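Annotated features in Swiss-Prot:
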ACT_SITE  50  active site
ACT_SITE  67  active site
DISULFID  21-141  disulfide bond
DISULFID  45-129  disulfide bond
DISULFID  79-94  disulfide bond
DISULFID  90-108  disulfide bond
DOMAIN    16-143  domain 'C-type lysozyme'
SIGNAL    1-15  signal peptide
């Protein structure tokens with residue numbers, strides 16, 4: 001029983017859920033502001049609608065693929081989850097997109113927007129961000 005109690009007290013790492021401004025500043029530090037003409041506000045909006053800034057977000061799609069991480073990067077095209085047939089255009093394991101170190105996710109997102117679809121590859125961006133006033137996504141963030 002004592003071992004069980006000790007196991008219950010060991011903290012289990014949870015998802016990193018960024019605050020809006022914390023995420024905006026991190027994106028800026030990583031060269032995402034106006035990357036390929038995409039504003040920082042667009043990236044913050046996209047992340048809000050795709051994952052609510054949650055690094056461990058996953059979503060299963062009707063085609064059997066899965067979206068991973070804060071940018072919800074798809075396993076059919078961009079990463080390898082070992083289950084879905086994939087192009088793995090980012091050359092990474094999908095699990096690398098689920099860590100609190102978002103470096104791999106940012107590099108892969110940059111790769112995605114170099115594709116002809118650009119930021120339009122994200123349905124949530126098209127539905128919620130495209131053509132909108134996005135200033136509120138970076139307001140008060142000092143970016």
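Cβ from N, Cα, C; glycine included.
As a summary of secondary structure, the domain 'C-type lysozyme' (16-143) carries 52 helix, 16 strand, 60 coil according to DSSP. Only 67, from the recorded positions 45, 50, 67, place their Cα within 10 Å of the Cα belonging to residue 94 (disulfide bond).
Taking the C-alpha positions, the distance from residue 67 (active site) to residue 129 (disulfide bond) comes to 19 Å.
With the fewest other C-beta atoms within 10 Å around its C-beta, 141 stands out among the disulfide-bonded residues 79, 94, 141. All protein chains included, residue 129 (disulfide bond) registers 22 other Cβ atoms within 10 Å of its own Cβ. Comparing C-alpha positions, residue 108 (disulfide bond) sits nearest to 79 among the recorded positions 21, 50, 79, 129, 141.
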